[in-house]
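Engineer: Can you read through this structure? Questions will come right after.
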Amino acid sequence: MSARVDIPADTSAAAKGTAPLIAASTHVKGGYKKGLAIFDLVLRLGAVVTALAAAATMGTTDQTLPFFTQFFQFQASYDDLPTFQFFVIAMAIVSGYLVLSLPFSIVAIIRPHATGPRLLLIILDTVALTLNTAAAAAAVAIVDLAQNGNSSANWLGICQQFGDFCQKASGAVVASFIAAGVLLFLIVISALALRKR
């Protein structure tokens with residue numbers, strides 16, 4: 001009795017250079033969560049830039065008119081209005097939070113299935129969005145008042161005289177609304193990453 005098995009050798013040229021068509025399946029379960037975490041980090045960096053730009057732009061908003069009298073100098077500055085002061089402080093807090101949240105976003109990339117950092121980010125992002133929206137809404141009301149005035153109160157708009165001041169303030173408000181939109185999108189991404197599937 002022989003334990004020998006004869007296997008015919010295929011010596012054709014076509015069979016020698018081909019590899020088997022069966023590939024190993026390396027599908028990682030939850031791979032989309034890592035992709036969401038990377039997208040979260042990129043958006044978070046964008047939100048830092050826009051929130052910081054809004055705070056810095058409003059904080060440097062001032063204009064002095066070239067004409068003045070012996071007793072008066074006509075000047076407009078962000079610290080003349082408490083609403084703009086609140087805007088600068090609130091946007092600085094939001095941008096500071098966003099910088100401090102970057103390590104948690106990196107942890108979410110390294111450990112995409114961890115729910116603790118995601119839950120913390122979704123709660124604090126909601127607080128930051130609320131503060132950002134409050135500051136932006138208050139500032140847009142003052143910018144509108146500066147541009148159009150209020151005929152009922154007999155207030156005239158000042159943007160005809162202080163054009164640079166109004167332009168910089170409007171730019172800061174637009175940047176803050178962009179930051180609010182990015183924060184809202186970050187909350188949606190965190191909610192998607194917290195799903196069980």
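Glycine residues also receive a Cβ, built from the backbone N, Cα and C atoms like all the rest.
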Engineer: With respect to the membrane, does Swiss-Prot record G31 and A114 on the same side?
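Structural biologist: Yes - Swiss-Prot names the same topological domain for G31 as for A114.
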Engineer: N150 (N-linked glycosylation site) has how many other Cβ neighbours within 10 Å of its own Cβ?
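Structural biologist: Counting Cβ neighbours of N150 (N-linked glycosylation site) within 10 Å gives 11.
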Engineer: The topological domain 'Cytoplasmic' (107-119): which same-chain residues, six or more beyond its ends, come within Cβ distance under 8 Å?
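Structural biologist: Same-chain contacts beyond the flanks: 30, 33-34, 36-38, 40-41, 190, 193-194.
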Engineer: Please compute the mean pLDDT of the model over the topological domain 'Extracellular' (57-85).
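Structural biologist: Average per-residue pLDDT within the topological domain 'Extracellular' (57-85): 76.
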